[in-house]
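Below is one structure, written out as structure tokens; comments come after it.
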Amino acid sequence: MHRFLVKLSSSSSPFSNQLRSLKNQRLILPLLPSSKPFTSSSVSPPPSPLNASNRFGYPYSADLFRNLSPLNPNSRILGVNGITSSRCISSEAVRESIEYDVLIVGAGPAGLSAAIRLKQLSQEKNIDLSVCVVEKGAEVGGHIISGNVFEPLALDELLPHWRQEHAPIEIPASSDKFWFLTKDRAFSLPSPFDNKGNYVISLSQLVRWLGGKAEELGTEIYPGFSASEVLFDASDKVVGIATKDMGISKDGSKKENFQPGVDIKGRVTLFAEGCRGSLSERIIKKYKLREEVNAQHQTYALGIKEVWEIDESKHNPGEVIHTLGWPLDPKTYGGSFLYHMNDRQVALGLVVALNYHNPFLNPYEEFQKLKHHPAIKGILEGGTVLQYGARTLNEGGFQSIPYPVFPGGAIIGCSAGFLNVPKIKGTHTAMKSGMLAAEAAFGALHEGLNMNTYWDNLRDSWVWKELYAARNYRPAFEYGLLPGLAISAMEHYVLKGKVPFTLKHGKADHEATDLARKWTPIVYPKPDGVLSFDVPTSLYRSNTNHDHDQPSHLRLRDPKIPEKVNFPEYAAPESRYCPARVYEYIEDEEGKPKLQINAQNCLHCKACDIKDPKQNIEWTVPEGGGGPAYSLM
């Protein structure tokens, strides 16, 4: 039987003392057999090149968290620094309620930076402050995926001595190359990037390190908990979140291992869920936060990435390559990246803007084509794929940032959308937003201020200046690749971002999808199993795992739309834009097409929630701990 070591939070509340006390006992739990990706024509994947220590199965989840609690159903407990917690009783099951000063939803760069800054202020001011971070992934960093050429500006401010504290930031960017690709050639262009002082990193590894720093300062971090609902008080103020119940079968009945979720409350709640956060989007709509500042709709891209181990002779640590052009058509914005990491590893990815028009376009297959370009193939040949993943990213920039403050908290990081598109960087801005929100939250709790100071300080920060200067880059490409390059070059090199106007985005991504009759189907080559691979093989490398016997977290608002609209009018685009083959059309008993949702394949990329032409798919959280288990991304 496979086994893994449960990592438990170094928390300081009596409620979690039982968890902490097990740290020295090396608690071992069984690892459930990993589920193979499911399709109607599923194939057996090859052996994973990752060693067993990189495989994660059933997480240390709500079952473990509650079963270790010493409380009886009628007890009240004293949380961190005097914050009370209580259990709420029903006739069916016990549902706990825990309270903190600050609750952070999501253990990514923004959420962990906020937690660290809060604890720093707590120590500086000698004021007790309880901070909790909940994370839907089985471990901190397990759902984190990014390029990533890291700009350390925010980290320098947050943890000035990180260079002496063994941060996983080791490979300085050594060179920048910018290529325009045709089918067979790569033309060098002047590089608009300046990565001097930046580092080629794995963001999932950096986030793990940040999680450790947050815990050292006293933050309670609970992975394996999916935040499924927002909690409000009688005045419609946000007071926390509810985690998803565990142990519910596909038909909605309670299984023998059923455990109710937990109500986790905060005097201030910060949402740091990443791009297209499910609860963040509800908050934005409920409080009309875009309308508050006349922000435009958000626009997105889908990033697909692999980490390869290549021959030593081809490895140039710190080399950074970006491309435009092939394999994408001139009307589709996007490009690829290839970053040389440490240990003979390279990060290769393709980013495709989700406002593409052709419903036959398949981002996953475009990525497979990319690897056969002579300039890319020459680097990869003889290498081995170590990991695969995908995630959407915000590309709306300055124009699309909503008012980030609501009654009871704020939205931070990529949930709000602080990516600098021409830089292809958002980690440093996400971290800074978390730090600014933390300072506002501390001021609101202990200095008589309010959370609006987050918005004020954000607009006075380098984040705002940086995004304002880059605001016209992405919408310039609404006019096509060449006009976009011309406009962005003029603004970048000549006008230095000081143009007197702001371009608007075009249609929302789902509205940009054309009817299938306007396009010719694209015939993609079959994978060769050496450079290009089928979806089940790639999924195996993502370590994705969900309990099959749970309700689908991918909900159809109208179950008839796939067969009556998407299939006949748009040629089933969900079967192509999803990089995990979650959506698959099969024949029913009468030989008619029927949508089958393979929810267990889901990489949590959120493309379906964004790109579905009729906005019929709603992405919600599955049981805590499900999804990918990235370790290199």
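Here, residue 1 is simply the first one shown, and the rest follow in order.
Every residue gets a Cβ built from N, Cα and C, even glycine.
For the recorded site, I116 (FAD binding site), the DSSP three-state label reads helix. The FAD binding site feature in Swiss-Prot is assigned to 102-116; the stated evidence is sequence analysis.
The annotation intramembrane segment is assigned in Swiss-Prot to 140-161 (among others).
There are 22 other CB atoms within 10 A of the CB of G335 (ubiquinone binding site), with all protein chains counted. Look at Swiss-Prot and you will find G334, G335 tagged as ubiquinone binding site, backed by similarity to another entry.
Look at Swiss-Prot and you will find 401-421 (among others) tagged as intramembrane segment.
Taken from Swiss-Prot, the feature [4Fe-4S] cluster binding site applies to C578, C602, C605, C608, supported by sequence analysis. Neighbours of C578 ([4Fe-4S] cluster binding site), defined as other CB atoms within 10 A of its CB across all chains, total 28.
Each residue in the domain '4Fe-4S ferredoxin-type' (593-622) has a pLDDT score, and their mean in this model is 98. Summarising the annotation, Swiss-Prot assigns domain '4Fe-4S ferredoxin-type' to 593-622.
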Q | Conformational class of A110 (FAD binding site) under the three-state DSSP mapping | A | helix
Q. Roughly how many angstrom lie between the C-alpha atoms of G106 (FAD binding site) and C608 ([4Fe-4S] cluster binding site)?
A. 21
Q. How many whole Å apart are the CA atoms of C608 ([4Fe-4S] cluster binding site) and I104 (FAD binding site)?
A. 25
**Q.** Length of the line joining the Cα atoms of V102 (FAD binding site) and G335 (ubiquinone binding site), in Å
**A.** 39
Q. Between the binding-site residues L112, I116, C608, whose Cβ has more other Cβ atoms within 10 Å than any of the rest?
A. L112
Q: Write down the Cα-Cα distance for C605 ([4Fe-4S] cluster binding site) and L112 (FAD binding site), rounded and given in Å.
A: 21
Q: Determine, using Cα-Cα distances only, which of these binding-site residues is closest to C602 ([4Fe-4S] cluster binding site): G108, A110, A114, I116, G334.
A: G108
Q) What is the one among the binding-site residues G108, G334 whose Cβ has the most other Cβ atoms less than or equal to 10 Å away? A) G108
Q.
Using Cβ atoms only, which residues of the same chain lie under 8 Å from I104 (FAD binding site) while being at least 6 residues apart in sequence?
A. G111, A114, A115, V131, C132, V133, V134, T269, L270, A272
